[in-house]
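Here's the structure we're looking at; comments come further down.
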Amino acid sequence: MRREWVAKRQGHANVSQMHYARQGIITEEMDYVAKRENLPAELIRDEVARGRMIIPANINHLNLEPMAIGIASKCKVNANIGASPNSSNLEEEVAKLNLAVKYGADTVMDLSTGGGNLDQIRTAIINASPVPIGTVPIYQALESVHGTIEKLTPDDFLHVIEKHAQQGVDYMTIHAGILIEYLPLVRNRITGIVSRGGGIIARWMLHHHKQNPLYTHFRDIIEIFKKYDVSFSLGDSLRPGCQHDASDEAQLSELKTLGQLTRKAWEHNVQVMVEGPGHVPMDQIEFNVRKQMEECSEAPFYVLGPLVTDIAPGYDHITSAIGAALAGWYGTAMLCYVTPKEHLGLPNAEDVRNGLIAYKIAAHAADIARHRPGARDRDDELSKARYNFDWNRQFELALDPDRAREYHDETLPADIYKTAEFCSMCGPKFCPMQTKVDADALTELEKFLAKQPTGTSV
């Protein structure tokens, strides 16, 4: 779809959506997004130009269907997939991608750390994906030195980053905000550093006693991203890994640096979103969202959860969806899903499904709460179908039609029950929705009530 769009930009030194938006140009991607979001194209251009919205769209990801991440657009959901040295392979990861897209993932991150040739896995995922693909290039950089963190050089990072950009990655997590002077701030934490990429950079700095190479070479990364229109997803290496550590000095110090890096990227017309926690008590979620907006000049916020309690391994898609709904309501632009396997193991296909549906619920609830245009239309349609006992229409409108049909058919599987005016909860005699009050009956009742003395009490 994008081949002709991209061809017109050949030879441009900067091909980012922000670059064109700031020239007053509405790109084909912006126009496509405007139609998807039911928003004016000029509004999309303006939001991208000011940095409050991004359209992750690498010029080499030609089968991409452009989408937007920003407070003016619908709240989005990211799904993480990826092979590990101990589990999964290329075929399984492509299957997870297809499943994630089926259940509504707006973007997908390939977090592969092993399980085969990482370049082949990544390329297969990009070629199969209509949604933006994100990566964490530091993982492959570490693989390139056979896992010996101390051997990593700035050139190792830059080489892998450029390779990912050439392959068509739309956004990359860059852990440039964790500075050497922030490491002592984790001393009093319960869980220390819980970001994989952040942990790699921390160990490198502790060994070499040098500043974060992703920070010192940030301008070099900007130059790569300009050439391919890769968006920054600035990693929160010092995000809290438990309730105790939330909103501490380490987290907020890094956040200030992420804001500085955001504005540095904007100086060169490169798109940015900023990653956030993590594990946060419910009463601190609004503060975290507002603080990010303040420090990062309203760049889109992209949070992992956050989990609102730490005592539910196996159910962290629920503990985190609670926090995600609140974060979305307060203005977070994209939610990174958490699966039931979080903290326990690599998610399988069913875990991906359960995590995604939990997060689609959270994002949709946030859209309704923020009164986004048309956000409640589907709810109203499903409610009408429910009131009219149109079971097939209810299944069709559900976030997970297969699950809705499966649960209904567990007890009433025959086709005749698809038109029945009850389900197995209430049975044929006790369903309150069978009480149809027509307009004539209400008119008669109103006439009767009008004749009654005022102030009548029982």
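Positions of Cβ are set from backbone N, Cα and C atoms, glycine also.
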Recorded substrate site member, picked from Met53, Met67, Met109, that accompanies Asn80, Tyr139, His175, Ser195, Arg196, Gly197, Asp236, Ser237, Leu238, Arg239, Glu275, Tyr302 in Swiss-Prot: Met109
Recorded substrate binding residues, Asn80, Met109, Tyr139, His175, Ser195, Arg196, Gly197, Asp236, Ser237, Leu238, Arg239, Glu275, Tyr302 - maximal Cα separation rounded to whole Å: 20
Fewest other Cβ within 10 angstroms of its own Cβ, chosen from the binding-site residues Cys423, Cys426: Cys426
Residue among binding-site residues His343, Cys423, Cys426, Cys431 with Cα closest to the Cα of Asn80 (substrate binding site): His343
Sparsest Cβ surroundings (other CB atoms within 10 Å) among the binding-site residues Arg239, His279, His343: His343
Three-state secondary structure, which DSSP defines for Cys426 ([4Fe-4S] cluster binding site): coil
